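A.B. asks: Take a look at what TrEMBL says about it:
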- 31-52: transmembrane segment (TRANSMEM)
- 72-94: transmembrane segment (TRANSMEM)
- 101-122: transmembrane segment (TRANSMEM)
- 142-163: transmembrane segment (TRANSMEM)
- 189-211: transmembrane segment (TRANSMEM)
- 217-238: transmembrane segment (TRANSMEM)
- 345-365: transmembrane segment (TRANSMEM)
- 385-406: transmembrane segment (TRANSMEM)
- 426-445: transmembrane segment (TRANSMEM)
- 465-489: transmembrane segment (TRANSMEM)
- 509-531: transmembrane segment (TRANSMEM)
- 551-570: transmembrane segment (TRANSMEM)
Amino acid sequence: MEVERESKLISTIWEGYADWRNRPALTNRHGGLVAASFVLVVEVLENLAYLANASNLVMYLSEYMHYSPSNSANSVTNFMGTAFLLALLGGFLSDAFFTTYHIYLISALIEFMGLVILTIQARSDSLKPAKCKPDTPCEQVHGAQAAMLFIGLYLVALGVGGIKGSLPPHGAEQFDGETPQGRKQRSTFFNYFVFCLSCGGLIAVTFVVWVEDNKGWQWGFGISTLAILLSIPIFLAGSPFYRNKIPRISPLTTISKVLTAALLNSCASRNSSSSIASLASSPSTIPVLSNEDEETTDIKQVESTNIPSKSLRFLNRAVVKTPAFCGALKCSVQEVEEVKIVMKILPIFACTIMLNCCLAQLSTFSVQQAATMNTKFGKLKVPPASLPVFPVLFIMLLAPIFDYFIIPFARKVTKTEMGITHLQRIGIGLFLSVVAMAIAALVEIKRKRVATEAGLLDFSKPLPITFFWIAFQYLFLGSADLFVLAGLLEFCFSEAPFSMRSLATSLSWASLAIGYYLSTAIVSIVNSVTGNSKHQPWLSGGNLNHFHLDRFYWLMCILSALNFIHYLYWARKYKYTSVSSK
């Protein structure tokens with residue numbers, strides 16, 4: 001009777017998970033759609049707070065902090081890049097020391113403090129540089145005022161990074177990946193996570209940006225502060241329903257240990273004249289083979305914890321027991337296989353960076369383009385920073401269509417659980433980014449032609465061309481973002497080892513970060529290469545009409561096309577490890 005009771009208790013417990021009070025999570029009480037729904041609501045508020053500032057920040061820095069257009073663009077991309085790069089820290093801490101539950105709460109409070117500082121500065125004239133005077137160069141923010149600005153901004157970046165690194169895996173962890181139903185629900189969650197992210201973005205780039213431009217930036221920062229503060233009690237309200245993954249050993253420790261052990265054993269095997277440790281000596285070790293042995297020996301691969309797979313064979317040396325080893329560097333076959341999975345994910349992750357470099361233009365040069373055009377829509381004058389409403393609306397329209405129509409249809413056609421695989425989704429997005437940059441170049445050519453014909457090249461007054469032309473590049477880049485972000489989030493989470501899921505999912509945001517940094521680097525390199533005594537740099541001049549932005553967009557189009565070809569190589573080579581993707 002006692003054994004039966006214990007067996008029943010074990011069957012009702014989510015292994016490896018705990019509730020918010022650190023008690024075992026129960027299958028009939030924790031996790032599921034109800035728990036994930038709190039995460040989706042929180043994502044609306046969280047992204048509202050972040051994107052309300054990020055989308056319009058280039059105008060705030062140029063108009064109120066008196067940065068040049070190029071410096072404003074670079075400051076924004078550096079801020080956004082840092083925020084997304086810090087998602088790796090949030091993911092790492094979630095896997096190694098804390099739960100995703102605790103990391104979200106800590107990060108939300110940090111972002112709240114940063115927004116309070118920015119709100120105070122925007123409200124007080126004494127904390128900003130003096131207003132520009134006629135015939136006098138504007139004074140750029142410096143000293144204590146600049147320190148306050150960047151302390152506020154980078155506290156926000158730290159908070160955003162922690163949230164991005166913890167919230168998506170926290171929601172995905174609410175579903176049972178061992179069942180087809182759970183995997184389908186998890187796939188739907190990631191789709192609607194991007195949908196809710198877009199909902200927050202829609203409010204941010206319409207209502208909040210309008211408030212910033214018409215009522216003052218202190219009100220815009222204040223709305224963001226209120227949004228992130230409101231997200232905390234909503235998140236806490238879901239506490240009784242969450243199942244939280246119990247932190248294990250640091251994933252970075254495992255990765256470092258395996259790589260170090262493989263390297264040391266590789267060096268030791270080259271210097272040793274005798275064979276080392278046969279498989280029979282220990283069930284968890286394998287013999288180190290010479291190059292000839294590796295080419296002629298065919299080890300039968302089985303799903304066993306005692307025999308490493310053939311892929312990335314140089315890592316198999318980490319399992320070998322050698323005199324050169326200290327005990328701390330002893331690796332199990334499971335650890336080696338987990339590191340292999342992560343290393344196979346990295347090329348796919350790297351191929352998404354170029355798309356995010358293109359997306360950086362949505363917050364910088366595209367906004368400045370729109371500012372030179374006619375932004376009237378009937379009697380309403382649309383703020384240039386509200387232009388991201390186009391990709392946001394398209395994502396909100398496409399996400400339900402994709403989930404309710406495209407995926408079910410694809411499942412019937414392919415007779416597979418996924419219908420469209422993660423890698424296929426990412427590939428579609430990367431192809432759309434190539435098209436988007438080509439359209440951006442053609443639109444810029446048209447915009448400059450209008451400026452030339454109207455004789456307004458040297459004037460800052462609006463050109464007689466509607467800002468709706470910019471919408472085309474936004475629509476294609478927005479579609480690309482939906483396919484790539486949702487696909488990469490789910491791909492990294494489902495493929496990564498259990499102990500590394502938060503860190504692996506954070507790679508999706510790290511891709512954004514590196515893309516923003518790369519955008520800054522490309523702008524600097526382009527200006528350096530194209531500028532000389534006879535020609536001015538492509539991305540500099542008295543105003544945007546003197547920039548060669550069309551050439552820059554063609555360059556981005558070519559780089560995106562090369563990146564897409566590079567991606568196809570790795571995608572064809574990749575072999576799925578998760579059941580849901582086979």
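The backbone N, Cα and C atoms fix where each Cβ goes, glycine too.
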A.B. asks: Does the transmembrane segment (217-238) make contact with the transmembrane segment (31-52) through 3 or more Cβ pairs under 8 Å, each pair 6 or more apart in sequence?
C.D. replies: yes
A.B. asks: Which sequence-distant residues neighbour the transmembrane segment (72-94)? Criterion: at least 6 residues beyond either end, Cβ under 8 Å.
C.D. replies: 50, 54, 57-59, 61-62, 100, 103, 107, 153-154, 156-158, 160-166, 169-170, 245, 247, 250-252, 360, 363-365, 368, 502-517, 519-520, 523-524
A.B. asks: Under 8 Å, at least 3 Cβ pairs, sequence separation 6 or more: does that hold for the transmembrane segment (509-531) versus the transmembrane segment (31-52)?
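C.D. replies: With fewer than 3 qualifying Cβ pairs, these stretches do not touch.
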A.B. asks: Which range out of 101-122, 142-163, 189-211, 426-445, 465-489 gives the transmembrane segment (31-52) the most CB pairs under 8 Å?
C.D. replies: 189-211
A.B. asks: Under a Cβ pair cut-off of under 8 Å, which of the recorded stretches 101-122, 142-163, 385-406, 426-445 contacts the transmembrane segment (189-211) most often?
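C.D. replies: Out of the listed stretches, 385-406 contacts the transmembrane segment (189-211) most.
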A.B. asks: Who are the long-range neighbours of the transmembrane segment (426-445) in its own chain, taking Cβ under 8 Å and residues 6 or more past its ends?
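C.D. replies: The answer is 348, 351-352, 354-355, 358, 361, 366, 369, 469-470, 472-473, 476-477, 479-485, 487-488, 491, 549-551, 553-554, 556-557, 560-561, 563-564, 567-568, 571.
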A.B. asks: Check the transmembrane segment (142-163) against each of 101-122, 385-406, 465-489, 551-570 and return whichever range has the most CB pairs under 8 Å.
C.D. replies: 101-122
A.B. asks: The transmembrane segment (551-570) and the transmembrane segment (465-489): do they have three or more Cβ pairs under 8 Å, with pairs 6 or more apart in sequence?
C.D. replies: no
